[in-house]
Amino acid sequence: MSLFNKIVKEFQWGQQKVRLETGEIARQASGAVIVDIEDTVVLATVVGAKSAKPGQDFFPLTVDYIEKTYSAGKIPGGFFRREGRPSEHETLTSRLIDRPLRPLFPEGFYNEVQVVIHVLSVNPEIPADIPALIGASAALAVSGLPFNGPVGAARVAYVNNEYVLNPTREQIKASRLDLVVAGTERAVLMVESEADQLPEDVMLGAVVFGHEQMQTAIDAIHELVREGGKPEWDWQPAPKDEALNARVTELAQPELLAAYQIRDKQARLTKLKEVYAATSAKLEEEAVAAGTVAADKATVGNILFDLEAKIVRGQILNGEPRIDGRDTRTVRPIEIRTGVLPRTHGSALFTRGETQALVVATLGTKGDEQIIDALEGEYRERFMLHYNMPPFATGETGRVGSPKRREIGHGRLAKRALVACLPSADEFGYSIRVVSEITESNGSSSMASVCGGCLALMDAGVPMKAHVAGIAMGLILEGNKFAVLTDILGDEDHLGDMDFKVAGTADGVTALQMDIKIQGITKEIMQVALAQAKEGRMHILGKMKDAVAGANTQLSEFAPRMITIKINPEKIRDVIGKGGSVIRALTEETGTTIDISDDGVVTIASTNSEGMAEAKKRIENITAEIEVGHVYEGTVLKLLDFGAIVNLLPGKDGLLHISEIVNERVKDINDYLKEGQQVKVKVIQTDEKGRVRLSAKALLNEAAAQADTPPQQ
């Protein structure tokens, strides 16, 4: 009898074969599933606490996606030779998995749940994020935890005007779209994408195509659960205290209505805090008078939050003004200023209502590119975008330091939005870093980073293909009534049913991110939302073009200049020198940065044009070939009885024989030459061994012949 109750499900999915299995590995976890897609193998595990911690008032879900270097047949770098802190890719993939799973846990479920996905084997052509998402969904489904899944996921590419399901990495490179969609049988829950200025209907078509194709994976998970699933947890939400609900509503509703008439964010937050405190104090006072135990503040806070949501959503669906007084389609006032910082290469201050981004662009050389040691192989990133949001941006105190998951995710979204409109490395050889410092935040700060990033790049002189703008949208749905909100505030983000961010140019979408919290949002609703987002994006693009018509034609005086020369690849070692000695001396003495590619292209960069010219001259001398008939200004290195060794170019010497110094017979070479003396010589012969024969006498004879030639009439 086997020790394991191993259940396996296999299915064909597009061009790929998928295998799901449970029951053999990690049996003490609440749920564990191995997913194998064409040799990319992940182990997804789920553990759920049997009870919530006392006083818990939120759902503590953590998702950790971990790539093991052995999966690609590698040993980790570093002193300890083991995996360390999560890479940016691991953080982004953890967020990608978290986003569609979180909305499917029932309201009031506060037990701690941890999802851990290990990448065990990697086929470089099959990205591990889709297997990881399917594995996490399947592990939750077999665990018996209260989870309204399963979730399916698919990657969609757009090649030759056709959608491609779960493309290989080679297909992604040729695609104008890289889109990941996740959802249940009935609804899309999450979209993450990067595109090359595609129209809205193509983007929506990709979402619908991906949702249709993921049903195959969802069906397989259902089959796995039927055969290998654990019993469902007997969990029931805590019964609602209707009397407490009614009393909180009676005490707080008028004050909350008044608070949401305040247009200024900080003043409104102050008023809301007062309402929360006053309501809790009143309830405690009543409990003392009645001799009962007062409701805990977390429960009261949740009731007040639900009441806030009901007020704001009701006002919007009834056609009343939004929190800040706008209608559903209006973008907040925009202010733009470029060239804000005097010594940076490019900068822009982009303000939209109470959201503000100070964005700075810096130009560097090839040596400044980010080297990424990914499982599928090492590669370089010439464009980096980093997003920072310090606590003062929302008027709060908090930790300042390394970027949090949210900051990494927002930075990647803004990068995706801009990358399609950057010039190629051949057109613009610089590496580029953009940093977005969020100085004020009230919703849509990642999209402010897109707008500010585009403007800062143009200010730096980067020849962008087009202006790029981004806008954050919201959606509220109640029954058959819905409202799409343009340029949402932070409060509208928290209280809505869907938030999605669209970035692009006048010609199409470059990035789309959707997070949907409820079932029932149809293709038609998404169509309306995308059309309204385009309207908002075009408005912002108009403001940006009014402020900055195009990229600066001149780089900042503080940005490095670059020149490129081509050398014989066989001469690269001469330029580098033993242990890098030659190139190190070159860079230090000329104040330049020098990059040499394997094909012999040498890039010299510096803010000092004289230093660049000197470095160029020296490299040309090092790599030059000695040619017969050419005249060189050489230096006498050594005197011999039969002649002198003369240095012509760095590392290249020749013999000036005693008979080739002057026309008369030379008895003592010291009468004519000294070590260190500059001497003009002509190359008269080279042989297959690289030996060079020189003559000074030949130049004397040529000069005499020219002197004897009568001038032409």
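Placed from the backbone N, Cα and C atoms, the Cβ positions cover glycine too.
Feature annotation from Swiss-Prot assigns Mg(2+) binding site to ASP493, ASP499. The 10 Å shell around the Cβ of ASP493 (Mg(2+) binding site) contains 16 further Cβ atoms across the protein chains shown.
Annotation comment: Swiss-Prot describes 560-619 as domain 'KH', evidence class sequence analysis.
The domain 'S1 motif' annotation in Swiss-Prot covers 629-697.
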Sort out the sequence-distant neighbours of ASP499 (Mg(2+) binding site) for me: same chain, 6+ apart, CB within less than 8 Å of its CB, listed by position. ALA472, MET473, GLY474, LEU475, ILE488, ASP493, MET514, ASP515
I want to verify one value. Collapsing DSSP to three states, which class is ASP499 (Mg(2+) binding site)? strand
